[in-house]
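Sequence annotations record features per position, and here TrEMBL assigns domain 'NADH-Ubiquinone oxidoreductase (complex I) chain 5 N-terminal' to A:68-118. Residues or ranges marked as domain 'NADH:quinone oxidoreductase/Mrp antiporter transmembrane' by TrEMBL: A:136-423. Positions annotated as transmembrane segment by TrEMBL: A:6-22, A:29-51, A:85-105, A:141-159, A:180-198, A:210-228, A:249-266, A:278-300, A:307-329, A:335-356, A:457-479, A:613-632 (among others).
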Amino acid sequence: MDKLIWLIPILPLAGFIINGLGRNKLPKGLIGSIGTLLVLASFAISVGVFFEVKANYQHHIAIKYFDWILAGPVRIPFEFYIDQLSAIMLLIITGVGTLIHLYSIGYMHDDEGFGKFFAYLNLFIFFMLLLVMGANYVIMFIGWEGVGLCSYLLIGFWYSNPSYADAAKKAFVMNRIGDLGFLIAIFLILNLFGTVNIQEMIKKAQLIHPGYWAVGLAAGLLFIGATGKSAQIPLFTWLPDAMAGPTPVSALIHAATMVTAGIYMITRSNVLFLLSPVVMNIVAIIGLATALFAALIALTQTDIKKVLAYSTVSQLGYMFLGLGVGAFTGGFFHVITHAFFKALLFLGAGSVIHAVSGEQDMRNMGGLRKKLPITFWTMLIGTIAIAGIPPFAGFFSKDEILAHTYEHSKIMYAIGVITAMFTSFYMFRMLFLTFYGKFRGTSEQEHHLHESPATMTLPLIVLAVLSVVGGLINVPAVLGGHEELGEFLKPIINNKFLSEPKEALTPAIEVTLMCISVAAAFIALAYAYVKYNKNGHVPVRDDEERGLLATLSYNKFYVDELYDLIIRRPLDWLSDFFYKVIEKLGIDGLVNGIGAGPVEASKGLRLLQTGNVGFYIFMMVVGIVAILLYSLGLMDKLHV
Amino acid sequence: MESFFNAVKTVPLNHYILLSSVLFCIGVTGVLLRRNAIVIFMSVELMLNAVNLLLTVFSVYRGDASGQVFVFFIMALAAAEVAVGLAIIVMIYRNTSSIDVNVLNRLKW
C-alpha cells in the first residue's frame, strides 16, 4: 500500500490537468466521469491505507520522496506522513469529495463552465490531500494556500457578478490574514525546534517545560492561522459570503473539508497547545464565542444557504471549543460527523435551490415536502443529526464536546447548551419554512418544481445514511460503546501534558448531561414547530419592522459594517492620505520639481539664442578677451 | 632682399605692432558692427592682414623665415574661406533677397 500513496494526491491532480486542458473540448459526460472517478480511485487507495493503519495500533507511514529545500542546517524534504489522523481525513476528503463530484455532475449540468468547475474541484482535492498528508508544516502550508486559492476560484466561479467576485476577494484577503499567522508560526517553530517536521517537533517538544512563552506564541500564531481558515472570530465573515459559490462548493469546501483544516492542524500540533494552557483557554473561549455568535445570527437569516453557512461557523466554533478544553478526540469527532451532515444539508439546499429555479430566500419556498421527497427526507435526517437528537451522528460528537466542557467550566457548558438549543431551533426553522406549509413562490416556479436527478439524490442518500450511523464510531462507554475513535486516535494526542479534569465525570452526571442537551434540542424543536409550522409564521419582508434583537441578528450584528468602520475606512483614509499628500505632493513634487528647475532656468537662458550673428560674434570676442585677460593674469602669477 | 629687410627695419618694431593692433581692432569693430555680409567679410580680411603684417615684421626682425611661410598659409586659407563664404552669401541672397546678417535669425529656438 505504501507504494501507492503518492497516487492519492496525484490522481486528482491528473484530473485537474485533463479537465483543465480539455474543458472546452471534452464532452460534459466525460469531464464529469474523469473528475469523479479519479477522486473515487483516490478514495479506494485511502480505504486501503486506512485499514493498514487501523490494523496496527502504532502504525504510521512516513515516506520521503526527495529533498526539497536545502539551505545550511535547514533541510525540508518533500515527505508524506500518514497516521490515524490523516487516514481519517483522507477518507473524509476523498469520500465526501467523490459524492460531491457526483452531485456536481447533475447540479452544474447546464453551466457553461462545467469543465472549469470540475478542474477546480479536482485541484482543490489535490491541495487538500497535500495539506493532510504533509509530514512537515511547509508541505501543509502548500496545501493550506492551495485550498485557499481554490476556494477563491470557486467562490468567484460566476465572476461576472461583481458581488460574487467581491465575496471571493473577501475570502481570499481574510484567509491571507490568518495565513500570515500560520507562516510566522512555522518560522518560529523552525527557530525553536530546528525542524518543521511535525513528528520531530513533537519529540523535541516533550522536553520543554509547560508554559514556555515562545511555545505559547507559536501555538497562538497557529491558532490565528486556524481562525482564518476555519472562520472563527474575528475572521469569520468571509464564510457566509462564500456562499456565492456554486452549492457543491459550499458543501465540499466550506462545510466538509477546507474549513476543518484549522482543527486538523491544531489536533496535529496538539503538543504545542497542551504546553500553553493560556492559548488553550483562548481557543476554547474564541470557539465558544463564535459558536454562540454565529448561532444568534443564523436564527433570523432567510437565505437558506446563509443559515447553513452561519451554522457551519457555529459548529466550527464547537470544534474549537472541544480542542480548547482538551477534548481533541471530541473536536475531531465533530469534524467527521459534521462533514457528513453539513455536506448533506448543503447538497440538500442545493437540490432545493435547483428545484425552485435558483431561489434562495426561504420566504419564497414552503411546502416542498411532497414535490421533493428524497431531498426532504435526507434533509430531515441531516437536521436531526445537527440538532443533536440521538441516535444520529451529531448527538454523539456534540455531546462529547459538551461533556468535556462541563469538566472544564460549568459556565461554558451552559453557554454551549444554549447554543445547541439555538442550533436545533434555526435548523428546524429552516426545515419547516422550506418543506412545510404552502408554496409561497411564483406560479412559474411552482410549475417547475421537480425532484433532482439521480446523480444528485444518490449522494444525498449516502450522506444521509452516514449521518445516521456516523456517530456510532465513538459511542461513549456510558451508552455501552467502546469509544473506538478515541482509542484509534490515542497515538496522536499527547496525553503527557493533558491535565486531569478537576472532577471526573461519573456515569450519572454524564447521562444527566446528555438528557439536558437532548431536552434542550427538543424544546427548541417544539418551539420552531409551533411558530413556523402550526402558526405558519413567515419571517417578515425586508421593508417591515423587526424587533431590536431580530434586527441586530438579521443584519449579522453589523460586524461587516464594524470592520468597514474600524479597519477599511481608516485604511482608505490612510491610503488616500498617502496618495494625495505623500505621493502627489511629496514624491511627485520632488521629481517634477527637479525637472521643472532646468525647464524654468532654460526659459530665461534660451533668450540668449537670438539668432543674431553679430551678437554671437560679439559674445565670442568678449569670451576671447576674457580668456586672454585670465591667462595673462595667470601668467603673471606664474611668473611671480 | 637685403635692402628690403633694411627698409623694413628703418621703422621701429613698436610702430608695426601699433599699426597691426589698430588694423586688427578696425577689423573686429567692422565684424561686430556692420550688417552687410560682404563688409563683414572684408573686415575679416583686414584682421587677417593685420596679423600677416605682424608675422612678416617679426620674421624680418628675428631673421627667421617661418613667419613668412605662415603668411602664405594664411593667405591660402583666406582665399579658400572667401570662395566658400561668398558662395554662402550668394545662397543667402537668393533666399532672402538680402545680405543683411541680422535677417538670418530664423533658426533660433
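Every residue, even glycine, has its Cβ placed from backbone N, Cα and C.
The structure displayed is predicted, hence computed values, not measured ones.
The transmembrane segment (A:249-266) makes contact with the transmembrane segment (A:85-105): 3 or more of their CB pairs lie within 8 A, with pairs spaced 6 or more apart in sequence.
Long-range neighbours of the transmembrane segment (A:141-159) within the same chain, counting only residues 6 or more positions beyond its ends whose Cβ lies under 8 Å from a Cβ of the stretch, are 113, 116-117, 120-121, 123-124, 126-134, 165, 167-169, 171-172, 175-176, 179, 182-183, 186, 225, 229, 241-242, 244-246, 249, 253-254, 257-258, 261, 265. With DSSP states grouped into helix (H, G, I), strand (E, B) and coil, the domain 'NADH-Ubiquinone oxidoreductase (complex I) chain 5 N-terminal' (A:68-118) comes out at 29 helix, 13 strand, 9 coil. Mean pLDDT, taken over the domain 'NADH-Ubiquinone oxidoreductase (complex I) chain 5 N-terminal' (A:68-118), works out to 90 on the 0 to 100 scale. Outside the transmembrane segment (A:210-228), and at least 6 residues removed from its termini, the chain residues within Cβ reach (under 8 Å) are 144, 174-185, 188-189, 192, 234-236, 261-263, 265-266, 269, 272-279, 282-283, 286, 320, 497.
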